[in-house]
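Chemist: The structure is given below, and queries will be raised subsequently.
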């Protein structure tokens, strides 16, 4: 299975005020592959990621998953749901009144897991990041790095088929950033997901299978 991006164009506005943000984007990402998107501010990275996540419609072009359109106008496809896409953002966006374990279990239950299944998976994921002793604390009791690790495991909670990450390490120091990207890569490889991450940090490029460079809405050679 692969994610295939064909001739994606995105314009904002109309007439004289129209801005062309994406200008014919083409690439493929295979199952189990971890790809980094890089480019200057305004190059179209976040717009592209938002389209891939089904949160924004392209002006023209097609995104295919397993040879079928990723989303139609109702944001549905034959074999992929919005729940099958995991998002990781620069900020953790944890729910302040939920304990760490609950941040994950609620995601699992919403995806159809039983309470027991959800709890078992959440504990295992939190063990993987060394937070098994923090299950019952609240977000304000966590460090910035711990919050981001919880947010990342939350994205993997329901075994998504695609992971989209937008600058998930921007607020972290070099050591923590490396650990976060290693963690993301490991999950993508182990679960054979499709992973796409935006980052400006060239030190992290070595963890990607491939780096796609965007400039002025186009992929550079």
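Along the chain as shown, the residues are counted starting at 1.
Note that Cβ sites are derived from N, Cα and C of the backbone, with glycine treated the same way.
Pulled the feature table from Swiss-Prot, pasting it below:
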{"type": "BINDING", "residues": "39, 40, 41, 42, 43, 44, 45, 46", "note": "ATP binding site"}
{"type": "DOMAIN", "residues": "3-221", "note": "domain 'ABC transporter'"}
Chemist: Count, for each of the binding-site residues 41, 43, 46, the other C-beta atoms lying within 10 angstroms of its own C-beta, and report the residue with the smallest count.
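Modeler: Counting other Cβ atoms within 10 Å of each of the binding-site residues 41, 43, 46 gives the minimum at 41.
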Chemist: Please identify which of 39, 42, 44 has the densest Cβ environment, defined as other Cβ atoms within 10 Å, among these binding-site residues.
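Modeler: Neighbour-count leader: 44.
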Chemist: Across the domain 'ABC transporter' (3-221), what does the mean pLDDT come to, as a whole number?
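Modeler: Here the mean pLDDT over the domain 'ABC transporter' (3-221) amounts to 89.
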Chemist: Please classify the secondary structure at residue 46 (ATP binding site) using three-state DSSP.
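Modeler: The three-state answer is helix.
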Chemist: Quick check: with 39, 40, 41, 42, 43, 44, 45, 46 left out, which same-chain residues have Cβ atoms within 8 Å of the centroid of the ATP site Cβ atoms?
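Modeler: Neighbours found: 214.
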Chemist: Please list, in sequence order, the residues in the chain of residue 40 (ATP binding site) that are at least six apart in sequence and whose C-beta is under 8 Å away from its C-beta.
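Modeler: Same-chain residues close to residue 40 (ATP binding site) (Cβ under 8 Å, separated by 6 or more) are 215.
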Chemist: Tally every other Cβ atom lying within 10 Å of the Cβ atom of residue 45 (ATP binding site).
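Modeler: Result for residue 45 (ATP binding site): 24 other Cβ atoms within 10 Å.
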Chemist: When DSSP states are folded down to helix, strand and coil, where does residue 39 (ATP binding site) land?
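Modeler: In three-state terms, residue 39 (ATP binding site) counts as strand.
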